[in-house]
Amino acid sequence: MAIERTLSIIKPDAVAKNVIGQIYSRFEGAGLKIIAARMAQLSRAEAEGFYAVHSARPFFKDLVDFMISGPVMIQVLEGENAIAKHRDLMGATDPKKAEKGTIRADFADSIDANAVHGSDAEETAKVEIAYYFPALNVYSR
């Protein structure tokens, strides 16, 4: 299996619930290493830039408004099969459809306030990581 990196964001709803540590424990318990992390209050421009691929979608404005509604925790995870592993930990986008024991089933309230974001593919992960972390701030360990 390949060692991969993926971008993970703990969204404003989960940060407000004070569950960052519980989510980090799940990452580490699954063998994912946190190799870069920072808390941020995203600006509208940052959120719009990050989610630009969705700019034509009807939910875009609500998504951006939500992502700037409070601080987020942004991290890079590294490990074997990190992208798929992280997506399995997150669960389905809609927490009502997420498997019991996943981050979204346990901590998310709705399809909009769904606790976490994760890269969906290796190419996306590279772009998303570069968006928030210049290479000099990411450390394999």
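Cβ atoms are placed via backbone N, Cα and C, with glycine included.
LYS11 (ATP binding site) falls outside any helix or strand according to DSSP and counts as coil. Under the heading ATP binding site, Swiss-Prot lists LYS11, PHE59, ARG87, THR93, ARG104, ASN114.
Feature annotation from Swiss-Prot assigns active site, pros-phosphohistidine intermediate to HIS117; the stated evidence is sequence analysis. Around HIS117 (active site, pros-phosphohistidine intermediate), taking its Cβ as the centre, 21 other Cβ atoms fall within 10 Å, counting all chains. Secondary structure at HIS117 (active site, pros-phosphohistidine intermediate), taken from DSSP and collapsed to helix, strand or coil, is strand.
Cβ crowding, taken as the number of other Cβ atoms within 10 Å, peaks at LYS11 among the binding-site residues LYS11, ARG87.
Fewest other C-beta atoms within 10 Å: among the binding-site residues THR93, ASN114, that description fits THR93. Every protein chain shown contributes to the tally, and the Cβ of PHE59 (ATP binding site) ends up with 12 other Cβ atoms within 10 Å. Residue environment of ARG104 (ATP binding site) contains 24 other Cβ atoms, counted within 10 Å of its Cβ in all protein chains.
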